[in-house]
Amino acid sequence: MIIDRVEVETLNSFSKSELLKEIYGLIWILPILTLLLGITIEVLVIVWLEREISASIQQRIGPEYAGPLGLLQAIADGTKLLLKEDILPSRGDIPLFSIGPSIAVISILLSFLVIPLGYRFALADLSIGVFLWIAISSIAPIGLLMAGYSSNNKYSFSGGLRAAAQSISYEIPLTFCVLAISLLSNSSSTVDIVEAQSKYGFFGWNIWRQPIGFLVFLISSLAECERLPFDLPEAEEELVAGYQTEYSGIKYGLFYLVSYLNLLVSSLFVTVLYLGGWDLSIPYISFFDFFQMNKAVGILEMTMGIFITLTKAYLFLFISITIRWTLPRMRIDQLLNLGWKFLLPISLGNLLLTTSSQLVSL
């Protein structure tokens with residue numbers, strides 16, 4: 001069988017195109033892997049910061065043995081949970097019991113897709129970015145409810161029901177606040193919202209234009225994270241450990257991870273929606289513009305944007321950690337009353353006021 005030159009060239013071009021497709025596929029995965037690595041490091045830093053800040057508030061020493069200044073304590077805890085036995089409840093629903101933690105983790109990880117960490121530095125710049133985050137974040141309580149139901153334990157089931165009720169109660173005020181921000185920015189894209197604030201500098205941030213909405217969003221996001229004083233779904237004095245009572249090993253560690261991922265996502269969205277995201281209104285590019293170093297400008301913009309965004313997010317983290325170790329836990333009736341009787345009317349009134357002002361300005 002004789003193969004002519006044209007057929008050989010066709011086969012070579014086909015093999016090259018297939019190789020290029022595989023390379024492009026690997027390059028597409030790299031940003032996601034980089035984001036996952038960054039999220040892992042961020043969570044480890046948040047765990048260490050919370051332990052150090054809480055120790056300082058309570059006048060304790062805090063972690064000091066695992067690594068310098070206790071920096072490796074979170075890694076030691078994660079390794080311990082990874083090596084522990086995974087115990088399954090004999091009369092529980094095993095498939096649901098195993099799926100519950102995964103649903104909670106995946107739903108929160110998907111929220112990072114629409115968060116702009118720097119100037120146009122987001123994995124997905126969607127026109128409905130903020131509402132996609134709200135839709136995704138409402139899936140996590142479903143995983144918690146599944147975990148509580150499948151455990152065949154009254155404490156776990158009560159914790160799962162509380163998680164669902166708390167999520168519904170505070171998701172609605174939070175959505176109204178986000179809708180007001182979208183009206184002000186004429187867009188639901190997270191990138192467009194940050195750029196709309198950066199046009200007017202420091203005083204163009206939405207925290208000055210929406211102070212009531214900011215307070216409602218702050219309280220609602222803390223409740224969504226189930227942080228003290230809103231940690232009713234896992235109140236140890238009442239429910240042992242809530243929906244995670246029957247969990248052990250790595251599955252318990254996933255719930256531990258969910259709480260810090262949720263806190264990180266909420267902090268970043270507070271930064272994006274109300275604190276101008278990457279905008280700081282400082283002339284840090286003028287030196288490079290003077291020498292026409294365009295590539296250096298782009299790299300510096302991205303680096304400074306990520307640094308500024310994370311700095312603002314850590315400010316919110318410090319506030320939430322301080323609140324946790326300052327305020328006592330609320331009762332379940334107080335928590336629901338705060339959401340339905342106070343935050344919901346206030347957020348609705350804020351939305352109507354914003355809508356009216358936008359209509360008047362037309």
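Every residue, even glycine, has its Cβ placed from backbone N, Cα and C.
Per TrEMBL, the feature transmembrane segment maps to 23-49 (among others).
With a cut-off of 8 Å between Cβ atoms, the residues of this chain six or more beyond the transmembrane segment (94-115) that come close are 35-36, 39, 88, 122-126, 129-130, 132-133, 136-137, 139-140, 142-144, 146-147, 149-151, 190, 243, 246-247, 251, 254-255, 257-258, 261-262, 265, 268-269, 272. Taken from TrEMBL, the feature transmembrane segment covers 94-115 (among others).
Away from its own ends, the transmembrane segment (121-147) comes close to residues 31-32, 35, 96-97, 99-104, 107-108, 110-115, 156, 159-161, 163-164, 166-167, 171, 174-175, 178, 181-182, 187-191, 193, 224, 233, 243-244, 247, 255, 258, 262, 265, 269, 273, 278, 302, 305-306 of its chain (Cβ-Cβ under 8 Å, at least six residues beyond either end). Per TrEMBL, transmembrane segment is recorded for 121-147 (among others).
If you look up TrEMBL, you'll see 168-187 (among others) marked as transmembrane segment.
Long-range contacts of the transmembrane segment (254-276) within the same chain, counting only residues at least 6 positions beyond its ends with a Cβ under 8 Å from a Cβ of the stretch, are 39, 42-43, 46-47, 81, 101-102, 104-105, 108-109, 111-112, 115-117, 130, 133, 137, 140, 147, 178, 181, 190, 193-194, 197-198, 202, 204-207, 210, 213-214, 217-218, 221-222, 224-227, 243-244, 247, 309, 312-314, 316-317, 320. The transmembrane segment annotation in TrEMBL covers 254-276 (among others).
TrEMBL lists 296-323 (among others) with the feature transmembrane segment. Distant neighbours of the transmembrane segment (296-323): 42, 46, 49-50, 53-54, 57, 116-119, 121, 218, 222, 225, 227-229, 263-264, 266-268, 270-272, 275-280, 284-285, 288-289; these residues of the same chain sit at least 6 beyond its ends, with a Cβ under 8 Å from one of its Cβ atoms.
Packing against the transmembrane segment (335-353) from elsewhere in the chain are residues 165-166, 169-170, 172-174, 176-177, 179-180, 183, 210, 212-213, 216, 219-220, 223, 230, 232: each is 6 or more residues past its ends and has a CB under 8 Å from a CB in it. Residues or ranges marked as transmembrane segment by TrEMBL: 335-353 (among others).
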Outside the transmembrane segment (168-187), at least 6 residues beyond either end, the same-chain residues with a Cβ under 8 Å of its Cβ set are 127, 130-131, 134, 137-138, 193, 196-197, 206, 209-210, 213-214, 216-217, 219-221, 223-224, 273-274, 335-336, 339-340, 343-344, 346-348, 350-351, 354-355, 358
